[in-house]
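Heads up, here are the entries from TrEMBL:
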TRANSMEM  A:20-43  transmembrane segment
TRANSMEM  A:50-71  transmembrane segment
TRANSMEM  A:91-110  transmembrane segment
DOMAIN    A:142-440  domain 'NADH:quinone oxidoreductase/Mrp antiporter transmembrane'
TRANSMEM  A:145-167  transmembrane segment
TRANSMEM  A:179-198  transmembrane segment
TRANSMEM  A:223-247  transmembrane segment
TRANSMEM  A:259-280  transmembrane segment
TRANSMEM  A:292-311  transmembrane segment
TRANSMEM  A:323-343  transmembrane segment
TRANSMEM  A:392-413  transmembrane segment
TRANSMEM  A:425-446  transmembrane segment
TRANSMEM  A:494-514  transmembrane segment
Amino acid sequence: MNLVATVLSGAPIQFPSISYSSILPEVVFVGAAVLSMLLVAVLGQRDQTYGYTGLGVAAALFGGIWSYHLSQNVNARGAYAVVGGSLAVDGFSTFFMILTSVGVLITLLLAEAYLYKVSHRGPEFVALTLLSATGAMLMESAYDLLVLFIGLEILSISLYVMVSYTTSRRVSKESAFKYFILGGFASALFLYGLALVYGSTGSTNLGNIAAFLSKNTLTSNGVLLAGMVLILGGLGFKVAVVPFQFWTPDVYQGAPTSVTGFMSGVVKAAGFAALLRVFYFAFNTLRADWQPVLEIVAILTLLVGAVLAVVQSDAKRTLAYSSINHAGFILLGLYVASAASIGDSLYYLFAYTVMSSGTFGAISMIAHLEGRTEGTLSLADLRGIGRKYPKIALTLAILLLAQAGAPFTIGFLAKFSVLSSVVEAHHYVIAVIAMVSVVIAAVLYLRVTLSMYTPLTKDAEIDRVSTDPEISLGAVAVRVDEDTDLKVDAKVPVAAGLAMGLSVAMTVGFGLYASPLVQFASKAFLLR
Amino acid sequence: MFPYLEVLVFLPAIAGVLLFFFPSEFPARYYRRLGLSLSLAELVVAVVMLLKFKTGVAGYQMTSSYRWIPSFGISWSLGVDGISLFLVILSVVLFPIAIFGSKETRDPKSFIAWMLVLEAACVGSFLVTDLFDFFLMFELTLIPTYFLMANWGFSLGGRAAVKFFVYTFLGSAFLLVGILALVFIHEASTGQLTFSISALAHTQMSSTAGRLLFLAFSVAFLIKAPVFPFHTWSPDAYSQSPISTAIVLGGVMAKLGTYGILRFDFQLFPQASRSLGWLILTLAVVGIGYGAITAAGESHLSRLVAYSSLSHMGFIVLGLFAFTTIGLSGAVLQMFNHGIYTAALFLLLGMIYSRRNTLDTSKLAGLQSKAPVMAGIFTVVMLASIGVPGLNGFIGEFMILLGAFVSHRWWAVVGVSGVILSAIYMLWAYQKVFHRKDPEQRGFKDLSVAEVATLVPLVILIVGVGLFPSLLLNRINPSVHKVLSEATPASSYQSSLGKVGR
């Protein structure tokens, strides 16, 4: 309203001073996106995508490093808000920006290796990824609900295009359409919730909302609670928690696998960042109202994800449900709502982003090598790939076991840290339920891993049953012949190799040398 | 000082992991030789460690600690005492034998790699002195076992592996929540966040909390052992595993359960262990009888060993919850003994299977006349398992029953029946397999030199421990004393000592 009045009165508009160094990652991402589009206009070079990918990778690396630099600043000088108090620069936002940069890096490398083989070439995918990631970064640092909404829209609109990037296929079209319709619906939910919250608190600024709610008690808070639920729904859609998860399997299956990895990592992180900040910070005083809701949502998310993952037959659908199970764990951190548990959620998100982008990368590699189109790689097709592509299979095996929570990986520590917060808050039953969901999901990961190393042959039973030396020797002789037939010369593109290597190195490296990341996540405080 | 314990854990771990990245083109025997030499190197290190072990010291020896994740209070800590010493020795003795005795020909590289990882996890479980590390290692045993069982097992190996995995992992779920709850109770009362076992041993907590935590820990350990009624995974797992894995399952991993009870239940929840001891004791005694009776009716030899294991693990638990020095020492000794003769039994079963492709007693007959060497070794091992004096099984069972009789008379009285029943089912099976006339008169090769070489170390241990148990007991006793004195209110401890003395 102020703005309209100022414009009408003819007085000069007061723009807030902008500290560009604090929003440099966003600026660089947008700049690189625009630059790549300009370059193709000037050069007309579409077939060689290395340059565009290189530009995007450079932007991602710069974004990550600069965000780390910002986080060091925050550690030294404390958190602060910029751009007229609408963006926060705090440990929380910088943590997420690093996470986003890592996700973008892996996505672009994987896309370079595979996406352009099934879709048209050019700089658009790089530009869209960077723009979508910019939206994600805005959501992660938004200190104002409106800015949060703008971030959400920037992220979503780019993503709608990314999901439909391989338009020639029917599954892909269906999933793109589904995601678009439901995504628009979720945005509307969020916006409506925003309006209700603004109506009852008088501000869209998170700091003002928090201050207002801690000073005043509303005589009737129905409107506020309705607004809160709508915001939960809008963001819950993006992070795919029950009951807003129905789109996930279809969209994950139909989208290009590089995009699926991006959605399960970067997009989920952005959604959770917003959820954590809005609920844990702005609505902190109302936690008695939202905690029971989150409790039910978290339990359902854990169990639905784990149980439905086990009964799927398509590889990407399975991973979609397992991502829902992971979302349940992240939600548990918010449910407990202590400083430590928020840090644990962040750690989990980082772990999950790293593991899942690598997993989807490996899946897209296998799908490509097997000549499968998007969304048609079934779990049965994974049988025997351990012999065909030993390196990729080993990578996938490590990442799946890490997702299952195998010791000495980042996945175990993530589950462990979230559970420790849950137990510390005396929610023993929920901790046990969460562990049961881990057991169910673990069966799935183990089964998939096992099937990769099960021979393809029908008469595999012969040498299983027999340990008789003669018979076994015969079986070996036969198998050697089969080996030469089965062995495929699988060349892993350099970009994909880099992405997978990064993912596995972080999964195992931070599992063994755990302290730095644990401490980084636990120090990622919110601006108050 | 030479870091014996670190080498014991990391040598097989690193070797196993590196092996996965090896090219798989080489012939199977290279991988087996590599695995065998690595596990023999492990054995040598462990034996030197055994010689360096100071007799008469109760606490942990050769300790080392490294701050791993300080913000969670997690350290990487290793130590060995009289309770873990012989379980480590048991593991490093059985692994080379299992690898040497294995006949797996498919994908030998991964097989050896998983075996080495499993060895690291088993040895690590016994050596770590930090609850977090223990949980890691305890969990880590599941993954190699799952793959070994599913990939190299018999026709139903996949199903048995899933059953095994789900069952034990469910137990771990309670264990993890229990560990975390204990750590936070400790932190609330002392302000110190730590997973160190010795620090947590003196946690102040309400008796209800203690009992609940005791149950949460115990479920995991009772499943792992297994103790009735948590045993239903074990017959399938034992009979569907490849022989090498069955040796490890029955010989080493079962001991993780009883070791856990002794190390964690008793040290962390002494009061609850005493007040709820009757419950576990009852389960153990029921298991002794149930396992023995079911074994008598079982015609599949692997399943028979599984049920006899259930019965024998019941004995060990009986000895533990007797809460007397002699019972506890007997239980620790019996863990070692049971591992040795169970492994020998599985090896022999594997040898029978490789000749006849069946382990069904109704289809086996008359092996004694055709394979006298095998029959002889089988007899020794079987008699050890029955508990005949002069062989290792006797000492342990006798001490357990003595210890239990002093403190828990009626449980011991029922438990004794298991000794008699074990003679029945073992001799019965032996009679069917070795002494009956074979109607078809098929040929049966006696043991080869290599097979005898695999079995001889175990037979030496069976006879040796039977004749000189004090070599082991001297090292076990001080640590057991310490556990017991810390777990017992001063007055009743004196009286229990008095009873043993009489």
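Glycine is no exception: its Cβ is also placed from the backbone N, Cα and C atoms.
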Would you say the transmembrane segment (A:145-167) and the transmembrane segment (A:259-280) are in contact under the rule of three or more C-beta pairs closer than 8 Å, pairs 6 or more apart in sequence?
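Judged by the Cβ rule, the two regions touch, with the required three close pairs present.
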For the transmembrane segment (A:91-110), which partner among A:50-71, A:179-198, A:223-247, A:292-311, A:323-343 gives the most CB pairs under 8 Å?
A:50-71
Please report, as numbers and ranges, the same-chain residues at least 6 past the borders of the transmembrane segment (A:223-247) whose CB is under 8 Å from any CB of it.
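Sequence-remote neighbours of the transmembrane segment (A:223-247) are 145, 152, 156, 178-179, 182-183, 185-197, 199-201, 267-268, 270-272, 274-275, 278-279, 283, 286, 289-290, 293, 297-298, 300-301, 304-305, 323-324, 327-328, 330-331.
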Taking a Cβ cut-off under 8 Å, which residues six or more beyond the ends of the transmembrane segment (A:20-43) line up next to it in the same chain?
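That would be 51-52, 55-56, 58-59, 62-63, 66-67, 70, 82-83, 87, 89, 97, 101, 104, 122-124, 126-128, 130-131, 133-134, 137-138.
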Compare A:179-198, A:425-446, A:494-514 by their Cβ pairs under 8 Å to the transmembrane segment (A:323-343) and return the stretch that comes out on top.
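By the under-8 Å Cβ criterion, the transmembrane segment (A:323-343) pairs most with A:425-446.
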